[in-house]
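Beneath this line is the structure, given in structure tokens, with notes to follow.
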């Protein structure tokens, strides 16, 4: 059975043409991207690394990592976002290899090939997140690192990530997220450990609606990222 939710893919297919519009529904992704890339780069030094971006969408993170000197492959199952990523690459001149393939299928093809894997804002959009995590373990080299980000599952996350972001502030289209698919840090940590990845660090990402700014924080109640290591 394929670990693909076609309804989730359809959501982003419909919005794909606005992926690089910084005032569109993707503004939050553009705003948080520098914070996330810096956090990752500080931990792995992206320059010269072979990197896989799982669930790359229109390529916002992929291009940013390539600009840091990484050799980046971006994968996604959405045809329209990948087309946008490839078109933007022609405009920007940033070199990224994009492929329409699942993490599980690529793991069969390219085991232990990547120094770093990123899988940001993707796990809450697939039927079986643990399957993606296992695939990431298989693809990262021993001693390599895998970064995940997602949204916590609790009342505060429901209020801020769905009611606040989708209905009140209208930062995201209604229906972007499904609360049932949100993932607690304890669950993400457990799936990672079962897959063979050691959790090294966790950081939260908070939004101030008054200043309209994001910052990294110890508060992991809503958005958060984790750093994991495949031991040598």
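Including glycine, each Cβ sits where the backbone N, Cα and C put it.
A strand conformation is recorded for residue 76 (S-adenosyl-L-methionine binding site) in the three-state DSSP classification. Cβ neighbour count for residue 76 (S-adenosyl-L-methionine binding site) (all protein chains, 10 Å cutoff from its Cβ): 25. The S-adenosyl-L-methionine binding site annotation in Swiss-Prot covers 36, 55, 76, 120, and the record cites sequence analysis as its basis.
Following the DSSP three-state reduction, the secondary structure of residue 120 (S-adenosyl-L-methionine binding site) is strand.
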